[in-house]
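Remarks on the structure that follows.
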Protein chains: 2
Amino acid sequence: MYLNATDFVGRAAFDRTARMDGFVASTAFDRPTLVIDSDLVAENFRALRAGLGNAAIHYAVKANPAPQIVALLAGLGCRFDAASRAEIELCLAQGAAPAHVSFGNTIKRERDIAFAHEAGLTLFAADAEEELEKIARNAPGADIYLRLIVEPTGADWPLTRKFGCARDRALPLLRYAAELGLTPRGLSFHVGSQTREAAMWAPTLDQIAAVWHAARAEGIALDLLNIGGGFPAAYGGALAHPTSYAADVLSLVTERFGAVPHLMAEPGRAMVADAGQIAAEVLLVSRKSDDDLHRWVYLDIGRFSGLAETEGEMIRYQIATARDGEETGPCILAGPSCDSVDVLYERRPVALPLSLRAGDRVVIRDCGAYTSSYASVGFNGFPPLDVVVI
Amino acid sequence: MYLNATDFVGRAAFDRTARMDGFVASTAFDRPTLVIDSDLVAENFRALRAGLGNAAIHYAVKANPAPQIVALLAGLGCRFDAASRAEIELCLAQGAAPAHVSFGNTIKRERDIAFAHEAGLTLFAADAEEELEKIARNAPGADIYLRLIVEPTGADWPLTRKFGCARDRALPLLRYAAELGLTPRGLSFHVGSQTREAAMWAPTLDQIAAVWHAARAEGIALDLLNIGGGFPAAYGGALAHPTSYAADVLSLVTERFGAVPHLMAEPGRAMVADAGQIAAEVLLVSRKSDDDLHRWVYLDIGRFSGLAETEGEMIRYQIATARDGEETGPCILAGPSCDSVDVLYERRPVALPLSLRAGDRVVIRDCGAYTSSYASVGFNGFPPLDVVVI
């Protein structure tokens, strides 16, 4: 369904969404609802797999834990990156083999490690002594990969230092893992969410390769490289086709690491973001004063009910209305709650039709990732985002 | 239980929490749990009421919608400020009279207005033409108060322009409400969350009083003033006793407005914040490199599971451990999820015992407001905050 491998842009993506568009247009929803097109999830998985050679793809379940998505991917041979006991249970319940689920959170409850070990998981992430000790106590002999901090790249959403250890601690920690009876298998990192161009991976891969080769030179038999996530979603912009993006990343990896026996990738956003759209409703359109140049548009969904990634106006969602094509004007977009931080876009207002009014349907595109599971249980009494998989 | 009316400080608050402290210390929790002491909620209500004269206190349900809290307050004669249909249903189910519940969100779903009207609610907030039209269509003849934008004060968390209309639009909107067959009763505003000193209300009250007197001079028979929330919680700092704070605010109001026939206040945080504490657990303590001056401490609760108000490090919670009194060092505090923005305090690290380690209980104080209902449904597979009312 992609038009071609080098020209996957927003316009092409629009054609891909015909099935979702039709379903949303013909359905009444009582509350904000995320509609997921399972065909697009499958297509995204296949597109990434086609570019990633022999790499094992572990879907980052946190991106969207809808059981139907997990079951679909398990059936296609996808593996899983789980952040918690609940995500592990979800994967196993939806048909994933325990050996195909990695426990990728470097911050695990000790009793969850024991649970995972008993459930048959064998691969765990760590970035600190205490985490290795917890794993050694509760999953003796387990395979370990060590997460490293990398210097910031040009990702849209660079990660903080929250995850990973400094690179000069890698060898001591790998040795410590072995001392504890664990099996240090490899390294992981995260290049940063929404890394828009494959070439941006190069400096990060250089940093990791230096550690990798130093470890092997010292006789630590690493055979697993987890390149993490960072594969982008378009959000209306122009992007390389995922297969060509993934193939370019794979080339950069191979140049630096040779043929890695066990290569892993953990895409989340790129698997589901453009496979979902949210049907929402305008609650109010107003001007604060007579000379205001912009209007305020209030939706029935906001930062606390599914659009958490608008924090800092980081993710810029495309918004469609039934009045598109009419004259537009700049709007500040906000959520329905009585919380003053529940504003989606203010620094960069959104152009919306001047005729927009309360009761109008809006469709928020590319919302398949990091929306439904972020929704609050009921802030201000607004229910969490509903999810429908078609 | 307050020591005296002018010296209500953190130390005194500590003594007040003995019942919660005892319950938390003697209870094992399987996941992060908010414990609410209902006696303290009742005490806070009575303390505010004692200072607010004839004002009707409408508890801002969004601060903590635990049904037990709503039932307790309804029994004490408290009224309610509801933000949504679900909050209205909650109040009515817990014994509030419909006439004692105001629909205070200026951004309402049109069908929720109809629901509220049929349920017997008579008082609605608005700040725009379209909202007045929605109310007129669905709650004909209803009482209206108009929310105004005020200029920023010294509140810890000044509100944005999300809510309210510019003051020069007040009279036209009040007239428009009357044209629509509604009953324009009064004005409302919000001085800003956590307004620590009563004197800080004066400039805001001056702004509102100018509109109030102009409206009355033009024959608009306003008789209701809603002074909103903004009543502070201590969060470990020194504060005036709530009764004396409220009395000082009331004096400032009376100086400017005379004896208002119907005065309303909408405290939320000040009613419940210091009535709750969260029992949580340390998941990991680590250093990122050998020369790091601070440690990273990861808890089983973070920004997406109840501590949303740490965004921008705005609310500074006090944290107690069983090792308090031992030597401390600076820590960056973070949540358990794989999200890099799930960091609680980094710019201003927290001093915690050097011996702190995974598995240790931590108690987060003054967590009764804006925690449980902000928690996500299950981001990263972590369950939402549990709530226990004692």
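Any Cβ shown, glycine's included, is placed from N, Cα and C.
Automated prediction, rather than curation, is the source of TrEMBL annotations.
Here's what TrEMBL has on this protein:
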DOMAIN    B:41-273  domain 'Orn/DAP/Arg decarboxylase 2 N-terminal'
MOD_RES   B:K62  N6-(pyridoxal phosphate)lysine
ACT_SITE  B:C338  active site, proton donor
Including all protein chains shown, what's the count of other C-beta atoms within 10 A of the C-beta of B:C338 (active site, proton donor)? 29
Between B:K62 (N6-(pyridoxal phosphate)lysine) and B:C338 (active site, proton donor), what is the CA-CA distance rounded to a whole number of Å? 28
Surrounding CB atoms that lie within 10 Å of the CB of the residue listed as 'N6-(pyridoxal phosphate)lysine', all protein chains: 28
Three-state secondary structure, which DSSP defines for the residue listed as 'active site, proton donor': coil
Find the average pLDDT over the domain 'Orn/DAP/Arg decarboxylase 2 N-terminal' (B:41-273) in the predicted model and report it. 95
